[in-house]
Amino acid sequence: MLHVADLAKQHSRASRPLFSALGFTIAAGEIVALVGESGVGKSTLLNCIAGLETADRGSIAIGPQALDIVALDETARAALRARSIGFVFQAFHILPTLTVAQNIAVPLLLCGLPAGEHAARTRALLERVGLASFGPRWPASLSGGELQRVAIARALVHHPALVLADEPTGNLDPRTAGEVLALLLERVREQHTSALVVTHSQHVAQCCDRILTLTPDGLLE
Amino acid sequence: MQALSRLSWWLIRAQFTTRRAATLLSMLAVALGVALGYAIHLINDAALADFARAMKSVQGDPDAVIAARDSAGSVPLATLNAIARDPAVLVIAAVIETRVRIDNARTPVTLIGIDVFSAAAVMPDLLPRHNEQAAAPNLFNGGVYASPALLAKLAQRAPDSDSGARPGRTLTLVRGEQQWPATLAGDLPAARPDDLLLVADIAWVQERFGPVDAVSEGRVRLAPDSDLATWRKKWAQQLPAGLLIRVADDDSARVSNLSRAYRVNLNVLALVALLTGAFLVFATQLTSVAQRSTQFALLGVLGLSPRMRLLQVLLEGLAIGVPGALLGLGLGYALAVAFTRLLGGDLGGGYFAGSAPPIIPLPAPALVFLALGCLASLAGASYPAYLNRMQPLAQALKTGFAQQSHADTARATLPRLRLPLFLALAALALAQLPPLFALPLAGYAAIALVLVAGIASAPLLTQLLFGWLSAQALPAPQRIALQNVAQAPLMAQVAASGLIVSFALTASMVIMVSSFRVAVDQWLDHVLPAPLYLRSKATPLPQDLLAALAQPDAPFTRVERMANASLIIDPQRPQVALLVREIDRRDPAARLPVTGPLLAPPATTPAVWISEPMAEIYRLAPGQTLRLPLLGREIEVFIGGVWRDYGRQFGAVVISRQDYQQLGGDFQPTDLALWPRPGEEAHASAWLAPWADQYGLEVADSAEIRRLSLSIFDKSFAVTYALEAAAMLIGLFGLAVTLAASVWLRARELATLGALGFDRRMLSRAVMLEGALIATVGVLIGLACGVGIGAILTHVVNPQAFHWRMALAIPWAALVTGAAITLAAAVLASRHAARQATRLPVAQVLASAQ
């Protein structure tokens, strides 16, 4: 689950806050879409939730233990991300020098899972995203849709409490986008994980359980 | 932790497979640095140990040695007898050492007279073995015993007969014009394989070669319960002024001092090689971090902690350093073995001539050099690791490597000048400091600071030069190249810094070697005034030759005689040369290359003129008086001036023949300077030839000596040219690698230009111009730093390490040519990057940038 309360952020050179007093909750197993115009602060909000940018005020509680990522130091934020958050990006961000299986295993290694366990879990996830035979392949030989499937597997392999997806279908053609979205939602629901999906696509937003709209005046539901 | 190690290993392996050439080159550079340092250490250790063994073999293992401080002096038997009566002394072995030639051989050998009974206790390696089968007298009846090396040499000299090394054979021992027959009676089984020694009974030697009622040395073994320090202190106060007591510590300190500066200089060269390795690791890791910034950012987003991101880059550096250093250890051992076989234990330095010591690697030094290699690679990787640690994750994930923006770096000129100016001033201050521990450590530190000041000034110069250029009306590709450099200051600085360091080191070596060569050339002019020179190796010239030269029919207008001896001023330092010359007390500058003020000596005081090394080592100056250990006593002499000497690194004192003889010295010339009658040069040489043959003398004309001296000089600096070439190649490699990385980082921007209509030639030209501009900055700063470092090497390092002073002579033509060649090579090196820019898959790059 994710609980955001009284969150405020202002860029150092900006004349007014990007957002202030933001608050919302995403329950366990709930998938929420975050929409809004360009420049309104969606990515900054996502970065704050991931602990990649620091909020000026407020709290962001993640996972069953409700750890406040705003209050943590850099190392603890990294540890919380490794344990409790999965990421899916528009540009896939698959490490080109590791094989598909190794890419998926990265979060398990960051969580410190023993070597014996991660091979089995990686294999299982590859099967769940329809890439059972892709483990030893190099990312350069995969299509965009396949790369995003790998990214979904990597986001879920360590059973995170929260998945943050930033325009997960933005780089894909409509048919592949539909397949990838369906897969993402299905797997997230299957794991009973919370998810926040940032998107410009009305279709993607409609597929989620709830839609939050970020505006210069605040968050609308 | 095990899981993280696995991830780390995956990333290291990926780094090795994707950046194979750069990684391998960095590894080789680390290996080279470690190899050079380790080889120098191994060779030096072996040479010192070998030298110590050689001393022990000839000198034995006494607790102390009583010797004269003047090589022409001796220890009176009365003094030895007094010491022998001391209850603290167990045994004292008297020894007479002299140099003789055997038959007509040119190379003299050492003849040692021993008392076989006392020698057995103190110098067991010198005990002779009588050949029972030979009909030869034994030790007490005039038999002489040769070392195995000398026997081999004798056999070689007479290969057609078995008489050469046959026991019972009569040898003619020659010293000056005096000759004595001696019978070869056996060998010295315990002598070292390369010692050329003859051993005879001390009385037999004394009767023929002197000195009367005295010996060369007394070697003392103390009673087991005696304290050496107390005993030494007691006897040091009682001995006559011309004698000294040497102990084992003095000998090892003297041997170590002999080659210390040379060793340290070679070690500094090895350190430069290691730093070059560190620089290559730095360039490789920085470009690698820049290229993989998105990947590292992703790992950070996924939960890799900042500390682990830092550690990962350090580990990758270490993964280059460990195999590099291990390879370096193997290579160093091989180099040490090869060098000692080719050049001897002193690497051609001339300190321990003739020895090829065995190389014995020990674990502790090997571990130290392994650690040094690892430290160098860690140092090289530390800044890229820090940058990786500090990358803003969200920004790096989106746009790649985040450099400091141009707006941030475009600060006012004056504040940006502060750091380079401060460093340059600090370097200047360090260059003024005296030697530390008798080494130019502050000078070396000043050189490092000059290099850092050069690198620190690169951004400012780039900004000034490129700012001015971009204000000019230029075609679009050129303008883009200028803007690119201005907006990527870090990459430009990295690329330029390699060239700054390599060109500065190259230019400084060229300046130092040129200054030195000019100085040696001028010095040779002064020290070789005569057309012909004749010398005898260590034994006095025959009197009949000197008499013949004095006859009116000798084809010479002028003959100047010189005698060489040596003095011990400080038992822990190498001996000082004593040169007795026919010199005019009122005009010593006529024969000596005097460098400072010349002071007229008081009429009643003997005068000496000391060499620059002597003045520096013993901190002496003209006008001072010096108590010189001469002719068995301490004589107060007046220092009339200082003269330049590149021939004797540990000091020399010149005294006039008149003063020397007035002090009671026996002037026995060993060298002659000869002026043939005009037009009779060939006749003069022919006149000397039979004398040279008969007495094994060396005759050379001044042109030949000059040619030989300069050829030895050039050979001894030949290795520096190889180092300069290596430094330049590494600098150019750094430029090529960094430019290629810079192109890779700006792929989107270049692809956009391609999409907008820039053809391949325009893109290629833009990148090559960028390379040329960065190289211009690098070479300009490198040249300035090179002149500065050249001045430090010439005026600080050379005088402090080797006591050689000289004027700075900058070979501008060579430097400008070198700069032009470097610029041309830099443009060629940037072709690789330019080709990359033209091969960018424009559509793919633009698609991935969406």
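Each residue, glycine too, has its Cβ placed from N, Cα and C.
The domain 'ABC3 transporter permease C-terminal' feature in TrEMBL is assigned to B:268-386 (among others). Helix, strand and coil content of the domain 'ABC3 transporter permease C-terminal' (B:268-386), in residues and according to DSSP, is 96 helix, 0 strand, 23 coil.
Annotated domain 'ABC3 transporter permease C-terminal' per TrEMBL: B:726-839 (among others), in sequence order.
What TrEMBL lists as transmembrane segment is B:264-283 (among others).
Taken from TrEMBL, the feature transmembrane segment applies to B:313-339 (among others). Within its own chain, the transmembrane segment (B:313-339) has Cβ neighbours under 8 Å at 8, 11-12, 15-16, 23, 26-39, 41-43, 46, 277, 281, 284-285, 288-289, 347, 359, 361, 366, 369-378, 380-382, 384-385, 388, counting only residues six or more beyond its boundaries.
The transmembrane segment annotation in TrEMBL covers B:359-381 (among others). Under 8 Å from some Cβ of the transmembrane segment (B:359-381) lie the Cβ atoms of residues 26, 30-31, 33-34, 37-38, 41-43, 45-46, 274-275, 277-282, 284-285, 313-314, 316-318, 320-322, 324-326, 328-329, 332-333, 336-337, 340, all in the same chain and six or more residues away from its ends.
What TrEMBL lists as transmembrane segment is B:419-438 (among others). Within its own chain, the transmembrane segment (B:419-438) is flanked in space by residues 257, 260-261, 445-447, 449-450, 452-454, 456-457, 460, 788, 792, 795-796, 800-801, which lie at least six positions past its ends and keep a Cβ under 8 Å from the stretch.
Feature annotation from TrEMBL assigns transmembrane segment to B:444-469 (among others).
The transmembrane segment annotation in TrEMBL covers B:490-513 (among others).
Sequence annotations record features per position, and here TrEMBL assigns transmembrane segment to B:725-745 (among others).
The transmembrane segment annotation in TrEMBL covers B:766-797 (among others).
Within the chain carrying the transmembrane segment (B:809-829), a Cβ under 8 angstroms from the stretch's Cβ atoms is held by residues 499, 503, 506-507, 510-511, 514-515, 518-519, 728, 731-733, 735-736, 739, 768, 771-772, 774-776, 778-779, 783, 786-787, 790, all 6 or more beyond its ends. Per TrEMBL, the feature transmembrane segment maps to B:809-829 (among others).
Secondary structure of the domain 'ABC3 transporter permease C-terminal' (B:726-839) per DSSP (helix as H, G, I; strand as E, B; remaining residues coil): 100 helix, 0 strand, 14 coil. Note on the transmembrane segment (B:264-283): residues 22, 25-26, 29-34, 36-37, 40-41, 317, 320-321, 324, 347, 372-373, 376-377, 379-381, 383-384, 439, 444, 494, 497-498, 501, 505, 723, 726-727, 730, 733-734, 737-738, 797, 801 of its chain, located 6 or more positions outside it, place their CB under 8 angstroms from a CB of the stretch.
Confidence in the domain 'ABC3 transporter permease C-terminal' (B:726-839), given as mean pLDDT, stands at 83.
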